[in-house]
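As structure tokens, the structure follows; a few thoughts come after it.
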Amino acid sequence: EQCLSVVRCIYWWELFLTSERSCKNSLRRFRTGLAEFFHRLNFWHKTLKVIGGEFGTSVLSYFIFLKWLLNFNIFSFLINFGFITVPQFVAAEPNNLSFTGLELLTGAGYFQQTVLYYGFYTNATISKTKIGASYNMQLAYIFTVGMYFVICLLILFFSIAKSICRNFINLQVYSGNASKLLCTWDFNITNEKAVKLKQRNLSTQIKEDLAEENKEALHFSVTERIVRILIHLGSWAASLGTAVAACAGVYFLSVNNLELFMKGHKNDLESQAAMLVLPIITSLLNAFIPFFYSWLGNMEKFQNPKSKIYVNIARTLILKISIIGILCYYWLTVVAASESQCWETLIGQDIYRFVLVDFIFCLLGSFFGEFLRRIIGTTVCVSLGVPEFDIGRSVLDLIYAQTLTWIGILFSPLLPGIQMVSFAIVFYVKKVSLTQNCQPPRKAWRAAQMTTFFMFLLFFPSLAGVLSVIAVTVWRLKPSNECGPFRGLPSIYAAVSEWVEILKNYIDSKWVVWIYYNLITSVLFFFILSFVIL
């Protein structure tokens, strides 16, 4: 009996060990499958590796930034669609306007009575049954937009801090070309294509590091220095003067365009065409003036290609942000004070046209600026050669488009969905244009820190300026009386004040009232917060 009991114990012990090994194997397979699933969700991973291996980190930084902005817009679209648009479908009234197809270009007509614009949303509390739970559209609208910008701010801070830590503080990442050559190879790679891609990537990184270390400082005479300084000053004067002239032209054109729109046109086609004049002229200025800035940069003959790109970015940024600032002034002062029945929808339609026309010009820029330039440089004028990818202009186009989208979220909640599609198309178009029409940079240089610079530009002046525009709209401007969720209120922010007054009657909501009076309405709190952020 003792032997039998021992055999039984051994049997059960072996069975336990077998089941334990089976569970560990199952858990290991589950983790491997989950890792493969999330790796597949990381779309364009292989494409980015190919770009980095063939064109270097400078061009790669643009595509990483583009992918990062695409994720931003996917997140924004899901939040707005889930908390604002879906509840509106419950209370939506049928659209009696006819669809002609021109709405896809102008954003007016049929789209005016859809969830695309602010004016279509109700100001009533939505409830399917009299006894069931209700949904306050006013609070949902303002809190969804507000929380989205808070999350964007936190994500930008975290991303900038992480990028600074990786590219500026942890300098050991770039130290030692020998260690990079001998210790960074992944021996798990067995696929021939993956091996060649890894070799190209590693070769490009070592070339960039060597070019960074072997830079030679050029020595100039006093006369040459004076000439270079005068050329720099003249270039900056010309770029700033061009930006001022462009902003003045956009403002006067926008005011005249609004007057024509308010008078109305007898011919509907003429009215639709008049709506597109302002965004087309603005996009033409944004497209051609940066080429003038690039020509100025070539005249200045910078020693370091990084300096040339940064200067070009600074000049183009001043141009684009100044134009957006003039447009915001026009929207918040002229359009908001106009006789329009729903000035919020009018602004939303304007921003829709700007985003759409800017996307079209981005595609045309890849065709005319890169494809035709390659044809001319290889057949007509061989001395020009194959063009290089213009990183500065391309990055500023992305920041300009994202800034317009952030401004338009309050007036067109589904605008991030449109920008999400446009960014995905731009990625593929730019990738094809890069591989077919452009050559790698003639001078290898390390540009890992450029992504940090791009994120900082997205924060300031882009997001900081957008938050200022949203704050003025929410706190200072009176909403339209005949449309939108805040109709009849003295300001959008008044909806929150009225809600807090109601919460005073409920004991369980005292903490919300305390937060409102001690934090939200406290000048000291915002002063400390601004000091911490800045």
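Every residue, even glycine, has its Cβ placed from backbone N, Cα and C.
Values in this document were obtained by computation on a predicted structure and should not be read as measured data.
As annotated by TrEMBL, domain 'TMC' applies to 342-448. Mean pLDDT across the domain 'TMC' (342-448) comes to 86 in this model.
Sequence annotations record features per position, and here TrEMBL assigns transmembrane segment to 68-90 (among others).
Residues 68, 72, 75-76, 79-80, 83-84, 87, 121, 406, 409-410, 413, 452, 455-456, 458-459, 463, 466-467, 470, 474, 485-486, 492-493, 495-496, 499 of the same chain lie 6+ residues outside the transmembrane segment (139-161) yet bring a C-beta within less than 8 angstroms of a C-beta in it. Positions annotated as transmembrane segment by TrEMBL: 139-161 (among others).
Summarising the annotation, TrEMBL assigns transmembrane segment to 229-253 (among others).
Positions annotated as transmembrane segment by TrEMBL: 273-296 (among others). Sequence-distant contacts of the transmembrane segment (273-296), counting only residues of its own chain at least 6 positions beyond either end whose CB sits under 8 Å from a CB of the stretch, comprise 105-106, 108, 235, 238-239, 242-243, 246, 249-250, 253-254, 257, 260-261, 265, 312, 315-316, 319-320, 323, 327, 349-350, 353-354, 356-358, 360-361, 364-365, 369, 390, 392-393, 396-397, 400.
Taken from TrEMBL, the feature transmembrane segment applies to 317-338 (among others).
The transmembrane segment annotation in TrEMBL covers 350-368 (among others).
Within the chain carrying the transmembrane segment (375-392), a Cβ under 8 angstroms from the stretch's Cβ atoms is held by residues 55, 58-59, 61-62, 290, 294, 309-310, 312-313, 316, 369, 434, 437-442, 450, all 6 or more beyond its ends. Residues or ranges marked as transmembrane segment in TrEMBL: 375-392 (among others).
Taken from TrEMBL, the feature transmembrane segment applies to 404-429 (among others).
Same-chain neighbours of the transmembrane segment (450-475): 57-58, 61, 64-65, 68-69, 142, 145, 149, 152-153, 156-157, 159-160, 163-164, 167-168, 306, 309-310, 313, 317, 321, 324-325, 328, 332, 391, 395, 399, 402-403, 406-407, 410, 491-493, counting only residues six or more beyond its ends whose CB sits under 8 Å from a CB of the stretch. What TrEMBL lists as transmembrane segment is 450-475 (among others).
Summarising the annotation, TrEMBL assigns transmembrane segment to 514-533 (among others).
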Residues of the domain 'TMC' (342-448) by DSSP state, where helix covers H, G and I: 79 helix, 2 strand, 26 coil
